[in-house]
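Notes to accompany the following structure.
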Amino acid sequence: MASPKQFTRVAIVGAGPAGFFTADHLTYGDGGQIVVDLIERLPTPLGLLRYGVAPDHPNIKAAGATFEEILDRPDVNLLCNVDVGNDVTVEEIRANYDAVVYATGASSDRRLGIPGEDLPGSISATSFVKWYNGHPEGDRFDALEAESVAIIGAGNVALDVARILLKSADDFAITDVPHRVLEVLRGNKVRDVHVFGRRGPQYAKFTTKELRELGELDGVDVVLDPRHLEGIDPDGHTPAVKRNLKVLAGWAERELTGAGRRLHLHFDTRPVEVMGQGAMSGLRVEESIGGETRQWDLDAQMMLRSVGYRALPFPGVPFDEETATIPSEASRVVRSGAPSMGEYVVGWVKRGPTGILGTNRADAEDAVESLKADIAGGMYDAGGLKPGVAQLLRDRGISCVDRSSWTAIAAHEALHGETHGRGNVKVDTWDELLDAAGVRSNSPVSQGP
Ligand SMILES: Cc1cc2nc3c(=O)[nH]c(=O)nc-3n(C[C@H](O)[C@H](O)[C@H](O)COP(=O)(O)OP(=O)(O)OC[C@H]3O[C@@H](n4cnc5c(N)ncnc54)[C@H](O)[C@@H]3O)c2cc1C
């Protein structure tokens, strides 16, 4: 067996939680033997921790501080504002590193495939989440005029968007939501939010903590028809499902208080058609309850579909369209039916959009175990330390947001918040992020001819 060489250079594509956990496991206590470049398409790191996790969940967001510490390690380099597959190809990455770990997440959404889905007013939760979290790309909502909103999906993202719509805007003044988002939330006209789950409550993917939170909102009544719970034996289910059923049973018995906003929960109900002329005005649904199936129409001016995130393929990397993941074995990317040398995958792009933040830690451990086994097996022993792509990007006129530029963005956001009498406040345009970083835009170069 060849002896392992002294240094191994690893590119991690995607600086979201899975990328950070991988960088952590690769470099923690290894005595500087492994050098990691975290390469990220956006001008900022943290992936869905910054642009997915709800702004009113500061305890989860606090994981960012741990990730910042990883960036302080001398053998971890940050290269944001670099789109792999566009600014630099996968082949170039593979040639300039011993190994590459794909951690590109799942940023696209799934569709319902029902008539009227493309009417104005019908939007993906993905795009709504990006907006309130200040993502520099995607739709902007200048007003929330809908009084009745339908949310399709029975998972935590559906609960997040319901909570954002139902809570008082004042609750967000202490978060980092962009100031223009806060202004729109202040004018939010919503009175009724209807969440629809296709199957029974025992199959909902809510976590109990997030579910319970919705029942504790000031000025909000929860409306749930007890027939949705009939015939379900809690003892036949996992402890997590039992806990959810208990919360729901409590809500089904609650007296309405006449609160100004209402959350309606519907199970065993699927959307059939988005209705409207020129814009959405209602939603036809099919409900199976008490052994009876019937269709009914809901007045609703906005629908958020929250039926799952989906990864997108990128050039040069195998992709399974059916599962929307990069195929792998023990986290090694599979090309033409066999593990490919020097390619690994972690996070949502490996296992699909499931689990909580910590699930990506276990995932990263698995990938690093395989990678370190390959190093120990002498797979990467040719030559000295590989160059990485920083110089290649400079030669190409691509500007990176590195560790110090990211610190400059964070300082700018703190200052920006101060001018509004708030704490940190996100800036939500690509140009302002790059200005704050002191970096110029890549667009004329990276978009090519
Ligand atoms: C709305 C929402 C709310 C959530 N709330 C919670 C919560 O409260 N608690 C919790 O535990 N979990 C929560 N999660 C789950 C958590 O965010 C995910 O588990 C986690 O972000 C997945 O990590 P990832 O690194 O695989 O993907 P991501 O976080 O998506 O990171 C992938 C990164 O790769 C980058 N990238 C993609 N393509 C390229 C490319 N070609 N070149 C370079 N970079 C690229 C992306 O820009 C992104 O930054 C939530 C998820 C969502 C969607």
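Each position is counted from 1, following the chain as shown.
Even glycines carry a Cβ here, placed using N, Cα and C.
Not measured: the values here are computed from a predicted model.
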Candidate from Ala18, Ala65, Ala330, Ala367 that TrEMBL assigns to the same FAD site as Glu40, Leu48, Val84, Trp348: Ala18
Span of the NADP(+) site, taken as the largest CA to CA distance across Arg198, Arg199, Glu210, Gly355 (Å, rounded to a whole number): 20
Those residues of the chain, 6+ apart, with a Cβ under 8 Å from that of Val84 (FAD binding site): Val13, Ile39, Arg41, Val90, Ile93, Thr104, Phe314
Sparsest-packed of the listed binding-site residues (Ala18, Leu48) - C-beta count within 10 angstroms: Leu48
Surrounding CB atoms that lie within 10 Å of the CB of Arg198 (NADP(+) binding site), all protein chains: 18
Cα proximity to Ala18 (FAD binding site), best match among binding-site residues Arg198, Arg199, Glu210, Gly355: Gly355
Candidate binding-site residues Arg198, Arg199, Glu210, Gly355, pick with smallest Cα gap to Glu40 (FAD binding site): Gly355
